[in-house]
Amino acid sequence: MLVLSPSKSTQKLEFINTIQLLGVSYHFEHEIEESLSEIYNGYEEWIGESHNLHAVALSFRLLRQQGYYVSSDVFRKFTDDQGNYNKELVNDTHGLLSLYEAAHFRVHDEEILDEAINFTTTHFKLLLPKLSNSLSMQVSYALKYPINKTIARAATRKYISFYQEEKSSCDQVLINFAKLDFNILQKMYKREMCDITRWWKELDLANELGFARDRVVELYFWSLGVYFEPQYKVARNILTKVLCFVSITDDIYDTYGTLHELTLLTNAIERRNIDAIENLTSYMKLFFTALLHFYDEVEKELEKENKSFRVNFAISEMKKLVRAYFQEAKWYHGNTVPKMEEEYMKNGIQSSANPTLATASWLGMGDEATKEAFEWISTEPPILVASSNIARLLNDIVSHEREIERGDVASSIECYMNEYGATKEEAYMEIRKIIENNWKDLNRGCLKPTTVPRVLLMPVLNLTRVAEFVYKDEDAYTFSKNNLKDVIFMVLDDPIEE
């Protein structure tokens with residue numbers, strides 16, 4: 001299909017963009033890489049001639065999205081001598097939307113893209129009431145969930161409905177294919193969910209540990225945000241189970257365990273020995289036994305493919321996570337407000353759970369996940385630190401008020417206010433800046449050349465996207481009966497009418 005598309009660069013880019021947004025690009029990964037590589041090689045020549053904002057912004061985004069570094073200077077042709085975007089651009093809604101989406105792939109020292117986000121966001125808010133209903137919905141969705149900061153399946157479900165509205169440009173064959181593909185995958189996800197739910201019920205931890213959040217469906221959706229493609233069925237299964245254990249661990253350390261109990265559990269997990277069970281309380285014995293059994297089962301399965309070495313890396317990250325949770329518990333019980341950078345943020349890399357989840361996300365992946373790759377991710381490379389910082393801080397912002405009422409450990413908000421004498425609003429503003437700076441680091445880490453194959457970096461990026469989605473305006477994981485419930489229903493349970 002892709003090979004038959006017109007050879008002109010802009011038309012090719014439009015087609016690639018459409019199949020990506022419709023969620024079917026995973027069928028054409030090789031063809032897309034070939035096409036974008038060809039476009040990248042001749043990029044400087046043809047882009048210099050183009051004064052079409054949509055074409056320039058679209059090419060910039062798709063190339064960066066694929067890992068190709070292209071200069072943001074290409075947008076200078078759309079600015080005046082002071083570096084401000086030309087006012088007449090506001091009449092080009094599609095161009096403006098493309099610029100907005102492209103700017104979210106910015107790295108450090110790209111003020112022109114910082115300005116692009118300010119410019120497009122400001123003007124879209126003014127333009128919204130004047131746009132057609134269909135375009136207004138599309139822009140509103142983009143303002144809340146830009147392409148680089150959303151869950152692919154949720155965006156696909158929305159975009160299919162947007163695309164159908166564009167009667168003049170809608171390719172009927174393509175839209176029918178996208179709907180069919182979405183529904184086929186949805187049926188597969190339902191079967192996967194049945195397997196996970198059966199495992200969860202047999203484990204019975206939700207009943208035995210009544211204080212813990214029972215969110216197996218939400219956690220499956222979380223793993224689906226990391227990889228939705230059919231070939232990652234085993235990886236999704238393992239990651240969802242790890243997410244279940246991480247969620248329970250968080251609740252034990254955050255809300256239920258006494259410091260003495262947590263000391264014993266931390267030591268038991270460090271030792272990873274069933275003999276350590278003797279000193280634990282009854283509910284911790286159940287949890288600890290289930291955790292050991294889970295990793296043993298994964299190890300046996302991976303041994304069949306000579307990949308059992310991966311489990312030791314996953315367990316090592318789980319131990320680091322438990323240490324980080326335990327450190328937070330000690331701060332809480334000691335009424336300590338840690339230093340923002342050298343204490344809270346350093347510990348927060350692990351307490352975000354992203355290093356544990358990123359490593360676990362590779363357990364069921366293909367041969368690209370080598371021992372060297374696992375060794376690399378265990379060193380906390382910059383891309384993982386950025387991802388973890390974003391997840392940690394987003395969680396802190398949306399849970400801050402609730403945790404103050406509950407008397408939880410000091411979050412980054414309190415740490416910043418305490419250290420810099422800032423107001424709550426100033427702390428929020430600064431922390432949002434820190435989040436955006438970490439996104440720039442993350443975007444940089446996804447550009448070629450990369451230390452490990454890009455297929456391994458995608459789960460790290462997608463874990464961050466899930467955090468952006470789940471912690472957008474609220475803690476949608478803890479309070480999942482709100483907006484998240486509707487999104488999960490659309491993705492997992494509501495087929496598209498073909």
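Counting starts with 1 at the first residue shown.
Positions of Cβ are set from backbone N, Cα and C atoms, glycine also.
Within the listed segments 200-204, 250-254, 380-384, Swiss-Prot records motif 'DDXXD motif' for the stretch 250-254. With helix defined as DSSP H, G or I and strand as E or B, the motif 'DDXXD motif' (250-254) counts 5 helix, 0 strand, 0 coil. Counting every protein chain shown, the Cβ of Asp254 (Mg(2+) 1 binding site) has 17 other Cβ atoms within 10 Å. Taken together, the residues of the motif 'DDXXD motif' (250-254) have an average pLDDT of 95. Within the same chain, the residues at least 6 positions away from Asp250 (Mg(2+) 1 binding site) whose Cβ sits under 8 Å from its Cβ are Tyr325, Ala353, listed in sequence order.
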